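Features of the protein shown, as given by TrEMBL:
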DOMAIN    51-88  domain 'RING-type'
COILED    137-201  coiled coil
REGION    221-287  region 'Disordered'
COMPBIAS  229-246  compositional bias 'Low complexity'
REPEAT    460-492  repeat 'WD'
REPEAT    546-586  repeat 'WD'
Amino acid sequence: MEELSAGPLVPAVVKPEASRAAAAADTGASAAASGDTFPASTSEPDKDFLCPICMQIIKDAFLTACGHSFCYMCIITHLRNKNDCPCCGHYLTNTNLFPNFLLDKLLKKTSARQISKTASPVEHFRQALQKGCDVTIKELDTLLSLLAEKKRKMEQEEAERNMQILLDFLHCLRKQKVDELKEVQTDLQFIKEDINSVEKHRMDLYRARDRYSVKLRMLDDSGGRKSWHSSLDKSSSGLISSPLNLRGGLSSGSHTKKNDGKSQINSHGHGVQRRDAVTGSDSPHINQSGLALVRKKRVHTQFNDLQECYLQKRRHAADKPHSQQERDMSLISREGYSAGLEDFQSVLTTFTRYSRLRVIAELRHGDIFHSANIVSSIEFDRDDDLFATAGVSRRIKVFDFSAVVNEPTDAHCPVVEMSTRSKLSCLSWNKYAKNQIASSDYEGIVTVWDVTTRKSLMEYEEHEKRAWSVDFSRTDPSMLVSGSDDCKVKVWCTNQEASVLNIDMKANICCVKYNPGSGNYIAVGSADHHIHYYDLRNISRPVHVFSGHRKAVSYVKFLSNYELASASTDSTLRLWDVKENLPVRTFKGHANEKNFVGLTVSSEYIACGSETNEVFVYHKEISKPLTWHRFGSPDMDDAEDEAGSYFISAVCWKSDRPTILTANSQGTIKVLVLAA
């Protein structure tokens, strides 16, 4: 993926007024440095005291033969270039300059008077002492007493101010802690209510299980008695009918004992099962107990995130209007749960259900004719029966998913293969017409293919640069959208040869996606680090621009009609609420700084690739990875070497099932399944 480089900064236009203000500021600064300024509170100095050259108070005054006074350095500098008076133009040389002692004296007196007018009483007193003013000891004692009293008063006022600041801080802190305490008390009340609800529901489950066990045991006991009576009748009839059939009678008797023993074993087995339902000592229950421990460990590992999720959902449910709460409670009244607890239980169940990714199939995408094997896109068809791959090998390959998973061969042949003129960047199946698939390529061409005939139905060549993304609408099968490096988003109709809509943007388009619930809304990920959400009925401006990523947005995918996930080369995924136009969560854990590594979503899970040659799976409610899987050699050294050379390039969920297709830049495709 190529990002736009930062353009040059536009120079700021400096206005003449600003220039003059800056010059005045510089002049004031130089004057302050020279010490020849009058206090700001006084009136402007007499113009006769200003040097005609520098327009500042004359410093070290010198008089010319023509009667004009200047600063010594000013007039000397002037005479180095010209031999005339700056005021009257008379001929003038250095020999015609004389010190102006009178003006210097007047300037010093004027400056002293100005200072005395603005000086503080302390300054006056200090000057008087420096001049040798006579002061008696009694007067000094009086002054010292006054100064001590003044000092105490100032210290008292300073202490009062400090106490007031401290008191304000403590009041603010108390208010904050009281608010936190109220929040904690509310949360504790939620937890208490939920504990009672869960305990009640658990006891109901125990009672239901006990009733089921009793019924099952009664059925087994009834079946055992019937078999015992039938065997007894058979043995009795055998003994009576033939007294010589002693061996047969014994045989029947032993068979009866055998059946009776089996019945006792079954009965004993059910008794053990019932006891182990409480103690958990039976082997199936040991496995269940072990699984429960593993799930508890997952909870403790992500406890902080789960805690935040629980409190957020519980508070949100409590903040709903009363009518909405009643509707929610009516839906779950059979369990006695609050709406927030019900939501969180669903999150907890789906989060702890899986802990790893297991490989169930693997195949190679490359062939002997093409050394470039990067898989740029991998997508399931409408019914999840077929999946298609595309990449830099300039081929679209369609595989039978069932054959890939169930037939243990190293080399799986595609059921359909179509060649293209350019490297491919993206695929999108039509969700209504099973045989249609769209592709975008590096030459900017968007093509709609018929998989059955292996021929293109439509080719759109309006993009001027590489097209990164294409997507069919889920609500209107004839509409599709594409985005390109030419900074344009184009909407196409399979019944027309030209684009239907055109959106001009200011940065490269990296990804586009239709909202699954409406053909009027699309999300656009751009190299400007933003996601632009458009209503196609009014493309003059986006409905909302989602900001938060620090680099280009490489993928956008909808989890639902209102939930949008995005991936960026800032190594984060983000979840957005397109209904409320709010950020929801940021996911971190994978590495992605320069490549397209893939993004896929289901109703609960988000998966993406990483530049460490790993696949990461996130639960949408938890910001840290749920699990991950590394491609490459089992040998750790080789795996580390490959991690630096290869990256995951495409991922795709199989509808809402725990199966995911993954591919990397080496051309390896793996079918992974979430496992406990």
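Glycine residues also receive a Cβ, built from the backbone N, Cα and C atoms like all the rest.
Automatic, uncurated: that is what TrEMBL annotation is.
For the repeat 'WD' (546-586), DSSP puts the residue distribution at 0 helix, 24 strand, 17 coil.
The average pLDDT computed over the coiled coil (137-201) stands at 91.
Secondary structure of the domain 'RING-type' (51-88), assigned with DSSP and counted as helix (H, G, I), strand (E, B) and coil, comes to 10 helix, 9 strand, 19 coil. Per DSSP, the repeat 'WD' (460-492) is made up of 0 helix, 18 strand, 15 coil.
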